[in-house]
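One structure is given below, encoded as structure tokens.
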Amino acid sequence: MRNAWEVNFDGLVGLTHNYAGLLFGNEASTRHRFQVSNPRLAAKQGLLKMKNLADAGFPQAVIPPHERPFIPVLRQLGFSGSDEQVLEKVARQAPHWLSSVSSASPMWVANAATIAPSVDTLDGKVHRTVANLNNKFHRSLEAPVTESLLKAIFNDEEKFSVHSALPQVALLGDEGAANHNRLGGHYGEPGMQLFVYGREKGNDTRPSRYPARQTREASEAVARLNQVNPQQVIFAQQNPDVIDQGVFHNDVIAVSNRQVLFCHQQAFARQSQLLANLRARVNGFMAIEVPATQVSVSDAVSTYLFNSQLLSRDDGSMMLVLPQECREHAGVWCYLNELLAADNPISELKVFDLRESMANGGGPACLRLRVVLTEEERRAVNPAVMMNDTLFNALNDWGDRYYRDRLTDADLADPQLLREGREALDVLSQLLNLGSVYPFQREGGGNG
């Protein structure tokens, strides 16, 4: 067995973090629509989580935000003139498009890509397939820049492969690692990859109220692209009833780490059959199923109990990283303390205040992309993105300089916000040694 570790790459909240309520099916996003946001606080909350976990011995890195508002797409939609004129026209004629191209949703990097560690792949490389995020227009814009960022971070082509997103069609809707779990023993051992989908062609079992964003066809294609050993793959359908209750990704109802699957009793279709399959194929497999009598699906969604991070310590014990909302819900907090006392590897609860992200429907797990790496692979990652004291202080200073502490829907049309964002990303891409990863850098900001 090779030594390997899980490295969490967290998305840095973007400068246009706002509450536009764009995510139908994500009830927190809809509920907080048009509230005033605080991008600077959002960025600091995310950075504090990264630094705390890094200090606790969990390898941690950062993925930068995308350029927003994203002017090239507005030009594709027929708005012309200088960048300032484009902003003015879209704000006056079609403000909904301005909201869409200003979303800071790339911060939820659990949707950036699906990862396959080298120990699981046929060619022995670490593979990642960028998610097309086809179901939501504003998220479907992310794939090209996500690909550029991942190639700048994982730039050793002998060790890493980055695959472009699947074609942008509904049949191949792919939401990345948020619908993917890996189960097994030590990180350096081969694992069982669990791909979770919401719908498939020819199957009438699907939600009726909210969309199922992930298709089985997409999951199968991603497994092929990532060259996952076919003996190490399971495809499972998420329970359509919980999708209709606001569980838009599997990471809102389940989280795995090594041999443990922590999930709600109603997370999967044919759940008992799936768990029996995992017990047969994963040595030491342990399912921690939360009964609906103790935590309802509604409470799981409102607190993001399962949108948590389950992290392994060297001694085999695990820490559960939770949003503040879990501690503030009496029933959920009572259950969690019972969980601590029970016979399972979870020995610590770690709570973070992530309210700015939570109000848009993204908890601790949404903000991170986990990547299993050997020591040699970790050394091959762009070192400038690895979290440490120096980077933490530099990013906090950078955020204080460029991020606003108040942002409303109307502010998105401010040309100064666009200029601030581009200057900030120029500085950040130098700080993180990324090269020219943003379209405005390659086009000189262009006025069309």
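Each residue, glycine too, has its Cβ placed from N, Cα and C.
So that you can see what the record holds, here are the features copied from Swiss-Prot:
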BINDING   20-29, Asn111, 138-139, Arg213, Asp251, Asn360  substrate binding site
ACT_SITE  Glu175  active site
ACT_SITE  His249  active site
ACT_SITE  Cys366  active site, nucleophile
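Mapped onto three states, the DSSP output places Ala20 (substrate binding site) in coil. Nearest neighbour of Cys366 (active site, nucleophile) by Cα distance, taken over the recorded positions Ala20, Arg139, His249: His249. In sequence order, the recorded positions near His249 (active site) (Cα within 10 Å of its Cα) are Glu175, drawn from Ala20, Arg139, Glu175. When secondary structure is read from DSSP and collapsed to three states, Arg139 (substrate binding site) falls in the helix class. Between Arg139 (substrate binding site) and Glu175 (active site), the C-alpha separation comes to 10 Å. Cα of Asn111 (substrate binding site) to Cα of Glu175 (active site): a distance of 5 Å. Counting only the Cα atoms, the space from Ala20 (substrate binding site) to Glu175 (active site) is about 20 angstrom. A distance of 11 Å separates the Cα atom of Asp251 (substrate binding site) from that of Glu175 (active site). DSSP gives Asp251 (substrate binding site) a helix state. Counting only same-chain residues at least 6 apart in sequence, those with a Cβ under 8 Å from the Cβ of Glu175 (active site) are Asn111, Ala131, Leu133, Asn135, Arg213, Gln214, His249.
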